[in-house]
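> Residues annotated as compositional bias 'Polar residues' in TrEMBL: 1-17, 124-139. Per TrEMBL, the feature compositional bias 'Low complexity' maps to 27-36. TrEMBL lists 34-126 with the feature domain 'WPP'. Annotated region 'Disordered' per TrEMBL: 1-39, 118-151, in sequence order.
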Amino acid sequence: MSETEIATVPTTEQDSPGDQAKESPKSSKSFSTSFSIWPPSQRTRDAVIKRLIETLSNPSVLSKRYGTVPHEEATDAARLIEEEAYSFAAAKASADDDGIEILQLYSREISKRTLDTVKARAASDSTAENGSSAPVVSTTDKEETPSVQEP
């Protein structure tokens, strides 16, 4: 293209970088949006519950070690796991958080509580089969893996 062709190419205000730099602060503020990832929407929470039900009741990495959970029991457990994890994370949230840390805490709590649930269920199933007492599942307030102790 020659210089005259370049000069005659029409541009819009949106395409011109010079025009974007000349925008007034007032107009740029009108386009700013607030984005927060905490708290999750009800739709997101429902999706988490649905995925937990699938994980608990279908063959998975967890089921290979701890067994699958019947669908109805998995549904109840998934709802409880999500509600408890949400309440725990919401209690730790503050107004000045951007939500990332709280969302990570929520995710960790779901994982921890899911693992606690399948371990406890597997332990109760194995003790019912051999007639011994169930092991005690203990967790700590710190972010540690729960340990199983024989009574």
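Counting begins at 1 with the first residue displayed.
Note that Cβ sites are derived from N, Cα and C of the backbone, with glycine treated the same way.
Automatic, uncurated: that is what TrEMBL annotation is.
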> Please list, for the domain 'WPP' (34-126), how many residues fall into helix, strand and coil according to DSSP.
71 helix, 0 strand, 22 coil
> Need one number: mean pLDDT over the domain 'WPP' (34-126).
93
